[in-house]
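> Before I ask anything, here is the structure I am working with.
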Amino acid sequence: MSRYYTFNAADAVEYARQFAGVKDPQSLVTADEIGDGNLNLVFKIRDTAGVSRVIVKQALPYVRCVGESWPLTLDRARIEAETLLVHGQFCPQHTVNILHHDAELAVMVQEDLSDHLIWRSELLKGKYYPQAASQLGEYLAQSLFHTSDFYQNAQYKKAEVSRFINPELCQITEDLFFTDPYIVHERNHFDALLQPEVDALRADRPLLLAVAALKQRFLSHAEALLHGDIHSGSIFVAEGKLKAIDAEFGFYGPMGFDLGTAMGNLLLNYCGLPGLVATREAADGREQRLQDLRDLWLSFRERFLQLAADKTQDPALAIAGYAEYFLQQVWHDAVGFCGSELIRRTIGFAHVADLDSIADAAMRADCQRHALSLGQWLIITAPQIDDIEALIARIRQNG
Ligand SMILES: Nc1ncnc2c1ncn2[C@@H]1O[C@H](COP(=O)(O)OP(=O)(O)O)[C@@H](O)[C@H]1O
Ligand SMILES: CSC[C@H]1O[C@H](OP(=O)(O)O)[C@H](O)[C@@H]1O
């Protein structure tokens, strides 16, 4: 018999008193449910002075934004907590701290990041965090290198692959990224203005073949313990600081998926900026997003290569030049996955405010068309885009 029950605010306070590890537990008195993601409950626990002190996050046995008609495994809370604990071991400065978790109750207590802001909200306002993209590259390099075959003992890694088998959440990604947008499916939604572009996309055979190859890589390349959903809404920023949260889609997959998801969200903002802020600000913002893209990839690549030179354990993988060769494949994967993020966030199930919050319908449709055409182009030409400067040059040409 499971001990699981869905928490209310009082349960969340009581849980935090027992397990947050604060020195004055009785001073924790109220909880506000602040969840705005698609899946879970998130309680902010406050003390008698009204100061928010810790976060209690609990999975529901279904997808929150849909309801009980879409049941979903509670094991996602264990996967989230354990992924963040592993990533926190290798990159504590950029990973939210997990203070406690309980797999049966599908609950965890997290460090409260209320002194940070969600990166997507800041990008929507045109606020620039010049260090954020490099810090994200650092987080991805540390977490992906240290969970890969470069660093982990082969038998240990296989046990870890098994610990992080996450079939239900992976299936969501498999469907929402690589299948639904390319067929008629009830989960998709988009403005009727986009129907001609959507029809053309679904009839584009080279695109569908390239998407099939991306899906196959997602399904079968257990390269490292991914975050699995590292979009700008899963990242907290403050001046000079960055922390990743929300790793319930974690599993051993292709490294390029995490990089591509992060790059895709920078480009979704790039596409939306003309509809979000004034013309001059949009031009500056776009330059900043391209710089973010460059910083993200270059900081990831540089740190990964340094870690590979200093810490590769496997004697065959340590041969000079192999890490560079491997990263070239990661790069091509990342460009393709980036394109699939652009498309699925524009016409699939889960959209983003960078496009959908644009008030003017014609402008919104223009920005969405841009995201679709850029996504299509990235997926098809990924194998020919050799480096970050070539990518940036082509994005500029694309408008
Ligand atoms: N550690 C935290 N500190 C402060 N606020 C948080 C924290 N974790 C989540 N939140 C808030 O809760 C929201 C939803 O959290 P998230 O983990 O994205 O939920 P979901 O798993 O449902 O997507 C975030 O957008 C953020 O506003
Ligand atoms: C049915 S889950 C849809 C979508 O939601 C997740 O994002 P988040 O919970 O962080 O908002 C993830 O991107 C899934 O693809």
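Just so you know, glycine gets a Cβ as well, placed from its N, Cα and C.
Note that the coordinates shown come from a computational prediction; the quantities given were computed from them, not determined experimentally.
The domain 'Aminoglycoside phosphotransferase' feature in TrEMBL is assigned to 33-285. Here TrEMBL flags Asn40, Lys57, Glu111, Asp112, Leu113, Asp246, Ala247, Glu248 as ATP binding site. Annotation comment: TrEMBL describes Asp229, Arg344 as substrate binding site.
Tell me about the setting of these features in this model.
Here the domain 'Aminoglycoside phosphotransferase' (33-285) returns a mean pLDDT of 98 for the predicted model.
Listed in sequence order, Ile55, Val96, Phe236, Lys243, Ile245 are the same-chain residues six or more apart from Leu113 (ATP binding site) with CB atoms under 8 A from its CB.
The Cβ of Asp229 (substrate binding site) lies under 8 Å from the Cβ of Thr173, Asp246, Ala247, Glu248, Phe249, Thr261, each of which sits 6+ residues away along the same chain. When secondary structure is read from DSSP and collapsed to three states, Asp229 (substrate binding site) falls in the coil class.
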> Taking only the binding-site residues Asn40, Lys57, Leu113, Asp229, Asp246, which have a CB closer than 6 angstroms to any atom that belongs to ligand 2?
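If the test is a Cβ under 6 Å from any atom of ligand 2, the answer is Asp229, Asp246.
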> Would you work out the biggest C-alpha to C-alpha distance among Asn40, Lys57, Glu111, Asp112, Leu113, Asp246, Ala247, Glu248, the residues that bind ATP according to the record, and give it in angstrom as a whole number?
18
> How many Å lie between the Cα of Glu111 (ATP binding site) and the Cα of Arg344 (substrate binding site)?
31
> Nearest of the binding-site residues to Arg344 (substrate binding site) by CA-CA distance, picking from Asn40, Lys57, Asp112?
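If we rank Asn40, Lys57, Asp112 by Cα distance to Arg344 (substrate binding site), first place goes to Asn40.
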> On the three-state reduction of DSSP, what should I expect for Arg344 (substrate binding site)?
helix
